[in-house]
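Data block below; observations after.
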Amino acid sequence: MSKVLKVGLLLLLVAVAASAYAVAEENGAPKENKQLPQIDDYGVTNKCPANQPFKWNCNYCTCGPEGKDASCTRMACPQH
């Protein structure tokens, strides 16, 4: 692979990463200083505050419009 192609691919990767970060910020990604409700039993009850962000264990979620079926990050949480 030529050096020019490698540099081009690297620049493309950086641009995609920067775009993804900007979109996450626009979509209201949780800020570290923002206090979100912690719902530890979401995995059992599947209930959450409709259309609201919350934390489930170490993951960030946004609840669905009917108060269930949230969309969450999928980080592996450390065991306590």
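In case you wondered, yes, glycine gets a Cβ from its N, Cα and C as well.
Annotation comment: Swiss-Prot describes Cys48-Cys63 (among others) as disulfide bond, evidence class sequence analysis. Reduced to three states, the DSSP call for Cys48 (disulfide bond) is coil.
For Cys77 (disulfide bond), the same-chain residues lying six or more positions away in sequence with a CB closer than 8 A to its CB are Asn57, Cys58, Asn59. In this structure, Cys77 (disulfide bond) belongs to neither helix nor strand by DSSP; it is coil. The disulfide bond annotation in Swiss-Prot covers Cys58-Cys77 (among others) and rests on sequence analysis.
Among the features that Swiss-Prot reports, disulfide bond is placed at Cys61-Cys72 (among others), with the record citing sequence analysis. Counting only residues at least six positions away in the same chain, the Cβ atoms of Trp56, Asn59, Tyr60, Cys61, Thr62 sit under 8 Å from the Cβ of Cys72 (disulfide bond).
Taken from Swiss-Prot, the feature domain 'Pacifastin' applies to 45-80, supported by sequence analysis.
Here Swiss-Prot flags 1-24 as signal peptide, drawing on sequence analysis.
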Report task. Please work out the number of neighbouring Cβ atoms within 10 Å of the Cβ of Cys48 (disulfide bond), leaving out its own Cβ. Result -> 23
